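Student: Below you will find the structure I want to go over with you.
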């Protein structure tokens, strides 16, 4: 594939992603908090700091991986980096493979660090990238963490995608052992299982982003790029973010779990934190905001999102993220069926 074709693919991904819409109904709607009428705290008591063994984020919300690798996506990364700088959010760039192949593309990613020199930035590579390239991806952005995306359904629907996956787990293990910053194993919208969590724990992984279905749909994106558009029947493949978080429960004491995929509102973010996530990521909401409404409007959107999270936590009498994990939740029969059939051991306050 030529550099021009790769740039074109990056732009196509963004164009199709922006055209997608949020689900009107999701698994986040299949779980409810129990309301208690009189809180014992005030809004000013709320501490939204997200703390993991290696990373401290001012807020449990981050701009998740989306783009880079073309002139248009450079402009997007520049604007998102300004939003991150002005709001204190962490930010992940999209796959840096384009820059690792062609130094001319490096600036489409490094613009994020240029615009946000003191901020928290995650670099991003695929599970098949050589260890030396993973190290280069971290150095490229002076990144505080490295996302490794695992995206087999996307690759298999992508006309020019990868068809070989046998070496992925061993390669991830090699990267984890060599990279000096936290390595986050990140799905791309298909969710995670307890079996995967077991395998990742065995090779020393300490961070995952479950990225469940319900948000940006890369099966649909790649199917749109197919000549016959003949794989749309896989559109609903995978686990939702709620199901994925439940799948991680037994591993949350050893692995820091981030949640993304289909988060629409501050309430969805709070529900993710209540299910054990340490932070929540969003891609398309930020992309659409900054492209359609500009930087200032997106900054205001983030500030409002954070304030709404504080209001919800006040209603729940939760001073911090850890408190949220003790709050009472009622699940729908469908989610309870998933828990039962998957033999998940769920204990709640």
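Cβ atoms are placed via backbone N, Cα and C, with glycine included.
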Student: 42, 124, 151, 162: which one does Swiss-Prot list with 65, 66, 67, 95, 186, 211, 216, 262, 263, 264, 283, 284 for the FMN site?
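Tutor: When Swiss-Prot describes the FMN site, the candidate it includes is 124.
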Student: Can you tell me which binding-site residues out of 95, 96, 97, 154, 155 are within 10 A of residue 211 (FMN binding site) by Cα, answering none if there aren't any?
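Tutor: Final answer: none.
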Student: By a simple count, how many Cβ atoms lie within 10 Å of the Cβ of residue 97 (substrate binding site), its own Cβ left out?
Tutor: 19
Student: Just to be sure I understand the packing, how many Cβ atoms besides its own are within 10 Å of the Cβ of residue 155 (Mg(2+) binding site)?
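Tutor: The answer is 20 other Cβ atoms.
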Student: Tell me, if you would, which residue among 67, 95, 124, 154, 211 (binding-site residues) has the fewest other CB atoms within 10 Å in the structure shown?
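Tutor: Candidates: the binding-site residues 67, 95, 124, 154, 211. Fewest Cβ atoms within 10 Å: 154.
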